[in-house]
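Asker: Once you've had a glance at the structure underneath, I'll fire off some questions.
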2 protein chains.
Amino acid sequence: MAGGIKELTVDLGERSYPILIGPGLLARVGSLFAERGFAVKSPILLITDASVEDLYAGTVEQSLRDKGYTVARAVVPSGETSKSLTVFDDMITACLEAGLDRRSTVIALGGGVVGDLAGFVAATYMRGVRFVQIPTTILAHDSSVGGKVAVNHRLAKNIIGAFYQPEFVMYDLDTLLTLPIREVKAGLSEVVKHGLIWNADFVAWCDDNVDKLLALDPEALGYALYEGCKVKAIVVSRDERENDLRAILNLGHTIGHALEAVAGYGELLHGEAIAIGMVGSARLAGKFGYDPSIEAVTEALFRKIGSPVRIPGHLDVDQIMAAMQHDKKFMEGQMVFVVPTAIGAVEIRHDVPTAWVREIVEGLREGN
Amino acid sequence: MAGGIKELTVDLGERSYPILIGPGLLARVGSLFAERGFAVKSPILLITDASVEDLYAGTVEQSLRDKGYTVARAVVPSGETSKSLTVFDDMITACLEAGLDRRSTVIALGGGVVGDLAGFVAATYMRGVRFVQIPTTILAHDSSVGGKVAVNHRLAKNIIGAFYQPEFVMYDLDTLLTLPIREVKAGLSEVVKHGLIWNADFVAWCDDNVDKLLALDPEALGYALYEGCKVKAIVVSRDERENDLRAILNLGHTIGHALEAVAGYGELLHGEAIAIGMVGSARLAGKFGYDPSIEAVTEALFRKIGSPVRIPGHLDVDQIMAAMQHDKKFMEGQMVFVVPTAIGAVEIRHDVPTAWVREIVEGLREGN
């Protein structure tokens with residue numbers, strides 16, 4: 001495509017789909033729908049959140065209407081609390097009220113929360129309708145690619161969900177310019193994660209370009225998102241349903257999810273929680289005898305970005321440990337951890353002693 | 001398999017699975033799990049309802065424990081009201097509390113309600129765990145085969161769901177002997193449906209053997225369930241995700257689902273609602289100029305079984321018509337009906353005038 005737009009493919013046979021990254025894409029949604037043969041007669045539901053609605057929903061809807069599509073809008077509160085069965089139920093009501101049929105499309109316009117929620121709506125409404133991801137945060141470069149959709153349960157995050165691939169992912173870089181700096185930093189954690197698991201050169205590039213990334217320099221940001229999405233697309237193409245390889249994408253997530261659950265969704269941003277989790281995983285690498293500089297490099301990079309690297313002191317260690325037992329990665333009675341073996345490489349370990357994890361969690365708490 | 005056990009295969013490539021039909025199967029669940037390599041370390045959740053629990057849950061659990069499996073039990077109220085997001089949420093809690101992991105299995109022990117609910121739990125808990133169907137009603141010979149799982153929304157039945165195939169379906173004929181006669185009759189409606197859409201000889205056989213079927217004669221019942229499941233398995237094998245052919249299984253369901261929704265789930269049994277719906281579809285066949293004897297044969301057979309063939313007089317026609325517009329089969333602004341063209345053959349019509357449907361609904365109301 002023209003106009004500085006990069007394109008990647010998630011290769012999944014007949015369910016393959018493109019990721020488009022570039023400026024000015026929101027106004028082209030209608031054309032993309034028409035080019036790809038989306039049914040004009042079947043209504044579309046645009047799901048977005050209160051923060052994104054005013055900024056971008058109008059542009060997307062106008063672009064669709066210009067091509068003859070009917071589109072309704074459903075707005076959820078901003079934040080992780082919208083990934084609940086209650087809000088999910090409201091979205092199904094919205095689908096019914098908008099008259100969505102089996103050939104309809106659900107569009108997610110927003111961050112990871114909106115993408116995960118809207119994706120689960122698309123996966124389950126009438127047993128599955130078309131789904132399009134329009135991420136508007138840096139963090140969502142991760143969640144919008146790969147088809148993992150889910151809502152939370154009060155006892156565990158992302159525990160109710162599906163593998164459900166979108167028709168395409170459309171990343172308009174212009175939408176990132178309005179992000180609060182805290183979300184920029186949190187989003188960069190997932191970008192860096194893709195480097196840490198797969199690509200040491202990209203980690204070095206991130207380290208050299210932190211200033212540009214924090215300043216939302218379009219060229220640097222476009223490159224970083226492209227590289228991050230590329231790692232994600234490669235991994236997902238090889239193991240869509242997380243039978244083995246895909247689990248490496250969970251670097252930092254065992255501890256990170258537990259922190260989010262115990263803090264109550266919302267206090268820690270997802271990117272912040274997994275940044276702390278990645279520091280924890282790097283310490284685990286040291287325990288297993290890998291190069292101690294892994295921890296130093298990981299922590300220094302997150303400090304440079306301005307991500308938290310310590311667990312808030314008021315969170316209870318027992319609660320954090322208990323929350324990990326409810327994690328999906330807990331299998332056949334054992335904790336599963338992604339452990340770095342070097343910068344840019346990881347392994348999946350099923351033999352992590354609980355005592356080590358507790359020691360690391362205690363050691364990472366602020367004040368220790 | 002030995003011991004009067006019939007076996008059928010639902011042919012879906014690597015997702016193919018067997019349907020076992022015969023006496024004495026409940027006590028063999030543990031052996032089947034072991035033979036098929038189900039992980040012993042991963043806990044199992046048995047979902048059943050209040051009517052079935054006392055009769056059969058103990059046998060199934062003992063059989064599993066004898067082979068070293070850990071099994072927890074979750075009991076839902078009997079009836080369609082358990083197919084709600086609220087009860088679904090409770091089942092996810094039960095999965096978490098029982099410590100189910102990604103290699104765990106959810107077993108549905110009960111009728112269609114339990115199967116649909118438990119199947120949606122299996123499809124979505126941790127984005128999908130193993131699923132086994134142990135139907136205990138005649139009606140469930142339909143819902144337990146083919147992988148359609150779902151819960152209801154207050155505005156529409158089965159609107160939240162997935163296509164999710166079980167590992168196997170196990171039909172212990174002994175469990176049918178305790179069925180209330182009203183459920184036997186309602187269940188036979190779906191058996192007859194499979195004849196009406198695909199196999200005229202089987203319709204004639206049903207007509208000749210109504211007395212034996214109502215008396216739960218084991219040989220007649222085993223044959224009828226085998227033939228009914230066979231039609232279902234053939235259709236699902238050819239079109240798993242209902243792109244075209246599979247829709248023929250919805251004979252009687254457009255009107256039937258609307259009747260259930262308007263009556264409030266529970267007043268009419270599903271089999272009763274679709275029996276009335278099939279009579280309605282047969283009238284539609286007459287409107288399209290097909291042999292008027294289709295209606296006479298259909299109605300006479302359902303009368304012989306003792307199924308209702310008229311819409312309860314207190315149900316409102318406008319509400320029934322409105323409910324049909326929310327049906328999943330309503331596509332791109334048009335109602336979709338399965339219309340018989342002969343006994344044992346149907347076609348899918350997108351050109352049914354709303355006025356005809358209204359006339360038929362009005363004509364079928366008791367008192368008209």
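Yeah, the Cβs are placed from backbone N, Cα and C, and that goes for glycine too.
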Asker: If TrEMBL says B:GLU190, B:HIS253 bind Zn(2+), which of B:HIS153, B:HIS270 does it name for the same site?
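Answerer: As annotated by TrEMBL, B:GLU190, B:HIS253 share the Zn(2+) site with B:HIS270, chosen from B:HIS153, B:HIS270.
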Asker: Between B:THR178 (NAD(+) binding site) and B:GLU190 (Zn(2+) binding site), what is the CA-CA distance rounded to a whole number of Å?
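Answerer: Between the Cα atoms of B:THR178 (NAD(+) binding site) and B:GLU190 (Zn(2+) binding site), the distance comes to 19 Å.
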Asker: Taking 10 A as the limit, how many CB atoms besides its own sit near the CB of B:HIS270 (Zn(2+) binding site)?
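Answerer: I get 25 for this one.
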Asker: Measure from the Cβ of B:THR81 (NAD(+) binding site) and count the other Cβ atoms within 10 Å, all protein chains considered.
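Answerer: Other Cβ atoms found within 10 Å: 15.
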Asker: With helix taken as DSSP H, G or I, strand as E or B and everything else coil, how many residues of the domain '3-dehydroquinate synthase N-terminal' (B:75-185) land in each class?
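Answerer: Counts, helix then strand then coil: 44 helix, 34 strand, 33 coil.
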Asker: Per DSSP, what is the helix/strand/coil residue tally across the domain '3-dehydroquinate synthase C-terminal' (B:187-329)?
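Answerer: When I sort the residues of the domain '3-dehydroquinate synthase C-terminal' (B:187-329) into the three classes, I find 104 helix, 3 strand, 36 coil.
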Asker: List, in sequence order, the residues of the same chain other than B:GLU190, B:HIS253, B:HIS270 whose Cβ lies within 8 Å of the centroid of the Cβ atoms of the recorded Zn(2+) site.
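Answerer: Here the non-site neighbours turn out to be B:LEU139, B:ASP142, B:SER189, B:LYS193, B:GLY252, B:GLY256, B:GLY271, B:ALA273, B:ILE274, B:GLY277.
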Asker: CA-CA, which of the binding-site residues B:GLU190, B:HIS253, B:HIS270 lies nearest B:SER78 (NAD(+) binding site)?
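Answerer: In terms of Cα distance, B:SER78 (NAD(+) binding site) lies closest to B:HIS270.
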Asker: Count the Cβ atoms, other than its own, that fall within 10 Å of the Cβ of B:GLY115 (NAD(+) binding site), considering every protein chain shown.
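Answerer: For B:GLY115 (NAD(+) binding site), the 10 Å Cβ neighbour count is 29.
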Asker: Compile a sequence-ordered list of residues in the same chain as B:GLY112 (NAD(+) binding site), six or more apart from it, whose Cβ lies below 8 A from its Cβ; state 'none' when nothing qualifies.
Answerer: B:PRO135, B:THR137, B:LEU139, B:ALA140, B:ASP142, B:SER143, B:SER144, B:HIS270
